[in-house]
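Chemist: Pasting the relevant annotations from TrEMBL:
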TRANSMEM  7-31  transmembrane segment
DOMAIN    9-430  domain 'Major facilitator superfamily (MFS) profile'
TRANSMEM  109-128  transmembrane segment
TRANSMEM  169-187  transmembrane segment
TRANSMEM  199-218  transmembrane segment
TRANSMEM  239-262  transmembrane segment
TRANSMEM  282-304  transmembrane segment
TRANSMEM  311-331  transmembrane segment
TRANSMEM  337-362  transmembrane segment
TRANSMEM  374-397  transmembrane segment
TRANSMEM  403-423  transmembrane segment
Amino acid sequence: EARRQRRLLLVVVCVALLLDNMLYMVIVPIIPDYIATMRGGGATAGPSAPAGGNGSGGGNRSLLPARYPPATGGNEDVQIGVLFASKAILQLLVNPLSGTLIDRVGYETPLLAGLAVMFLSTTTFAFAENYATLFAARSLQGLGSAFADTAGIALIADRYPEEPARSRALGTALACISFGSLAAPPFGGVLYEFAGKRVPFLVLACVCLLDGLLLLALAPPGAAAARANMPVGTPIHRLMIDPYIAVVAGALATCNIPLAFLEPTIANWMKDSMGASEWEVGLTWLPAFFPHVLGVYVTVRLAAAYPHLQWFYGALGMAIIGASSCLVPACRNFGQVIVPLCGICFGIALVDTALLPTLAFLVDVRHVSVYGSVYAIADISYSVAYALGPIVAGQIVHTMGFAQLNLGMGLANVLYAPVLLLLRNVCQMKPSHSERNILLEEGPKGLYDTIKMEERKG
């Protein structure tokens with residue numbers, strides 16, 4: 001029964017992460033035309049529209065994935081960039097609070113609250129009639145994600161305490177994140193074209209509602225009373241100054257910068273440098289889904305066989321990301337550019353799949369086995385990259401050039417990879433030693449701590 005319940009909870013979390021990333025990307029092919037329609041200007045055309053959104057072919061909306069425009073100084077470009085970044089910015093601000101709250105009240109209630117806010121955000125998107133409402137809906141999504149994403153990943157780490165089951169469960173969640181990001185633009189484009197602007201959001205809202213109801217059935221509010229017997233989590237500020245956790249957080253932020261900065265800029269670069277067509281720009285990122293899933297699978301299998309090399313898998317992933325980023329400006333056609341983008345996504349899968357379980361293990365052996373705050377730190381790392389991307393990337397390309405942007409991102413990843421050597425002895429840490437120290441330093445704070453204290457004395 002317990003195994004069945006945790007599998008169902010894993011499904012709930014995976015659906016929540018899938019929905020969050022689909023809502024994040026579903027507006028990519030929609031938003032320029034959405035904003036233009038609100039202004040009464042009809043379909044947009046020209047450089048201010050994201051590639052794949054509305055091209056020169058008679059103003060017809062492309063059904064292929066699109067990307068954000070660079071910051072060219074136009075008001076619409078700035079508005080779209082701020083709109084995309086607002087989710088990550090609010091998520092960045094709320095995560096310290098959400099992590100602390102999750103540690104205090106448990107995982108299920110914040111996850112349910114996050115799904116409720118995401119449902120409200122998705123519904124607001126469906127009925128938005130002006131830019132201010134769109135901005136409010138996007139910001140609401142960031143608030144919901146700060147609770148749903150952090151609580152969901154922490155819940156997986158809590159319900160799957162043993163390896164390699166924990167790595168497999170987290171790898172499944174990462175695969176859902178990747179699928180949601182890549183499937184959302186064509187999903188949104190098709191429904192927007194043939195069913196209207198509200199339908200994509202209403203479909204996602206219904207799935208979100210069903211996911212919340214399933215979570216409510218699995219973890220009713222009355223079951224939260226068991227939380228009183230759980231340990232008190234380590235405060236987030238203490239986790240942030242833990243050198244091992246800081247190394248992992250820095251790696252997660254650095255490895256996601258190429259993806260976050262290329263998404264807003266690569267479409268215009270492909271058009272200018274190689275004369276790429278709309279369908280080529282739209283399909284640029286779609287093949288990257290398969291190496292991402294392959295990277296998750298390979299890392300899970302390697303971690304099961306050689307768990308003491310988790311740091312090496314992360315360092316290898318960062319080296320692959322760095323080399324792939326440097327190769328992007330050298331590409332001269334659509335087929336060539338797919339190869340380094342697949343390398344970037346493969347490397348990100350290695351880093352994420354290796355280091356997310358490492359965060360949980362570090363909390364187990366150095367702090368208290370409560371995971372809300374530590375995965376809030378991981379979410380902050382992601383949010384830093386995706387908050388800067390839509391706003392900063394275009395300006396960097398404008399002032400320094402696309403090649404310099406990629407070389408800088410690649411160099412940052414290559415230089416950071418050796419830093420993960422600091423994690424090479426993590427697998428040798430003993431949970432009992434750290435847990436005993438914490439209990440002796442802080443004293444028992446509840447039934448759980450008292451029992452553990454008596455076990456240590458015995």
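The backbone N, Cα and C atoms fix where each Cβ goes, glycine too.
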Chemist: Give residue numbers and ranges for long-range contacts of the transmembrane segment (7-31): same chain, 6 or more residues beyond its ends, CB-CB under 8 A.
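Modeler: Distant contacts of the transmembrane segment (7-31): 50, 52-53, 61-68, 80, 83, 87, 111, 114-115, 118, 121-122, 125, 134, 141, 144-145, 148-149, 152-153, 155-156, 159-160, 169, 172-173, 176-177, 179-189, 192, 197, 200-201, 204, 207-208, 211, 214-215, 218-219.
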Chemist: If I count Cβ-Cβ pairs under 8 A between the transmembrane segment (199-218) and each of 109-128, 239-262, 337-362, 374-397, 403-423, which range comes out on top?
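Modeler: The stretch with the most close Cβ contacts to the transmembrane segment (199-218) is 109-128.
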Chemist: Under 8 angstroms for C-beta pairs, at least 3 of them, ignoring pairs fewer than 6 apart in sequence. Is the transmembrane segment (374-397) in contact with the transmembrane segment (109-128) by that rule?
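Modeler: They do not touch: fewer than three Cβ pairs between the two stretches lie under 8 Å.
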Chemist: If contact means at least 3 Cβ pairs within less than 8 Å, sequence distance 6 or more, would you call the transmembrane segment (239-262) and the transmembrane segment (169-187) in contact?
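Modeler: Checked: the transmembrane segment (239-262) vs the transmembrane segment (169-187), no contact.
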Chemist: Six or more residues beyond either end and a Cβ under 8 Å away: which residues meet both conditions relative to the transmembrane segment (403-423)?
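Modeler: Tertiary neighbours of the transmembrane segment (403-423) are 243-244, 247-248, 250-251, 254-255, 257-258, 261-262, 265, 310-312, 314-316, 318-319, 321-326, 328-329, 347, 358, 393, 396-397.
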